[in-house]
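> Sharing the feature lines straight out of Swiss-Prot:
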{"type": "REGION", "residues": "1-36", "note": "region 'Disordered'"}
{"type": "COMPBIAS", "residues": "1-17", "note": "compositional bias 'Basic and acidic residues'"}
{"type": "COMPBIAS", "residues": "27-36", "note": "compositional bias 'Low complexity'"}
{"type": "DOMAIN", "residues": "46-316", "note": "domain 'Protein kinase'"}
{"type": "BINDING", "residues": "Ile52, Gly53, Cys54, Gly55, Asn56, Phe57, Gly58, Glu59, Leu60, Lys75", "note": "ATP binding site"}
{"type": "ACT_SITE", "residues": "Asp165", "note": "active site, proton acceptor"}
{"type": "REGION", "residues": "340-383", "note": "region 'Disordered'"}
{"type": "COMPBIAS", "residues": "358-370", "note": "compositional bias 'Polar residues'"}
{"type": "REGION", "residues": "369-415", "note": "region 'Phospho-regulated basic and hydrophobic (PRBH) motif'"}
Amino acid sequence: MDFDKKGGKGETEEGRRMSKAGGGRSSHGIRSSGTSSGVLMVGPNFRVGKKIGCGNFGELRLGKNLYTNEYVAIKLEPIKSRAPQLHLEYRFYKQLSATEGVPQVYYFGPCGKYNAMVLELLGPSLEDLFDLCDRTFTLKTVLMIAIQLITRMEYVHTKSLIYRDVKPENFLVGRPGTKRQHAIHIIDFGLAKEYIDPETKKHIPYREHKSLTGTARYMSINTHLGKEQSRRDDLEALGHMFMYFLRGSLPWQGLKADTLKERYQKIGDTKRATPIEVLCENFPEEMATYLRYVRRLDFFEKPDYDYLRKLFTDLFDRSGFVFDYEYDWAGKPLPTPIGTVHTDLPSQPQLRDKTQPHSKNQALNSTNGELNADDPTAGHSNAPITAPAEVEVADETKCCCFFKRRKRKSLQRHK
């Protein structure tokens, strides 16, 4: 898609009245899609470009705001989707907007046969960066990630939401070259859920025999057991991801089974059978302390986020590290949807993760729906294990770094 040509009828009088930054932040779509020049538009401002990712939600496109000349991400979901979730995700983004580490949402509306959500364009995911760093992160990098993500998850929880989709593909750095290129962002709220009832203002009830929701590799033990998720489960899944980064892999990866149901069972059984001390062996005691704490939380209990953050900030300081955002990937070339760029080393130490307004140049990429090479259910293990629905994930480039993926069978995402 040639972005240098004008968008024809896309620049309407109504469009010119829209905010140049957001371009029409409305849940009611203005007449969109094709123009006389054959250019596909979302709303009056956003031109749709090349595909940069796909999944069971639909597909992700690179876009451009014709008024600001800035790139955006456009998430498309078929209007006739059997399990529509994009409008709910848009609502959750609106609830969470205006804080650091959450991409800004610009627009929601129809685009031909699709519903479209326009968001900021971000840089690579932590999974992409993990690959770039030979699949191991140093303690310093993991602690800088962990301190930020505890803060992100705390913020999500303060907005009455639980996330339920922890995996490295859903945490992205800012777009290289922007002010917040070193901040870790949380994306993809398609599986998020309100844990505080909006009418009664009470915590959702404890339930059992629930379908699996999330990614099997990282999900909590209680999720494997079919228990309703709450705040504790998001934090436990983060702990599993932190150990994945430190170890390079987890003991329950690569397990073989005849059916997906059996495989999920094996993963859950192995998690329960792996003592925390063994999982965290040869790593600082704080990693084990974190997991012991979150696994002991009650379903209704509010986690002590300050305690968990302090565990890691104290370890960080004792180790003599400086919170300078000099991650393991600093200085390496980072492929992005708009070309390869080199990350700059931070010019000076910055303050630890503080809530600030977004830089309007930041961005969103979602690898939701992509498959990890050794985990054919990654990103899809939310489907009821008793009724798997197979879909074909087409050969597609990975959203952030354009790594080729082969065709694989995956589970249909369900609400």
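Glycine is treated like the rest: Cβ placed from N, Cα and C.
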> Sort Ile52 (ATP binding site) into helix, strand or coil using the DSSP assignment.
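SS state of Ile52 (ATP binding site) = strand.
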> Around the C-beta of Leu60 (ATP binding site), how many further C-beta atoms are within 10 angstroms, looking at every protein chain?
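Counting Cβ neighbours of Leu60 (ATP binding site) within 10 Å gives 25.
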> About how far apart, in whole Å, are the alpha carbons (Cα) of Cys54 (ATP binding site) and the residue listed as 'active site, proton acceptor'?
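About 17 Å separates the two Cα atoms.
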> Take every residue in the domain 'Protein kinase' (46-316), average their pLDDT values, and give the whole-number result.
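Its mean pLDDT is 96.
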> In whole Å, how far does the CA atom of Leu60 (ATP binding site) lie from that of Asp165 (active site, proton acceptor)?
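Leu60 (ATP binding site) and Asp165 (active site, proton acceptor) have their Cα atoms 18 Å apart.
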> For Gly58 (ATP binding site), what is the tally of other C-beta atoms lying within 10 angstroms of its C-beta?
22
> From the Cα of Asp165 (active site, proton acceptor) across to the Cα of Ile52 (ATP binding site), what is the distance in angstrom?
21
> Measuring Cα to Cα, tell me the gap between the residue listed as 'active site, proton acceptor' and Gly58 (ATP binding site) in whole angstrom.
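Given the Cα positions, the residue listed as 'active site, proton acceptor' is 17 Å from Gly58 (ATP binding site).
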> Around the C-beta of Ile52 (ATP binding site), how many further C-beta atoms are within 10 angstroms, looking at every protein chain?
25
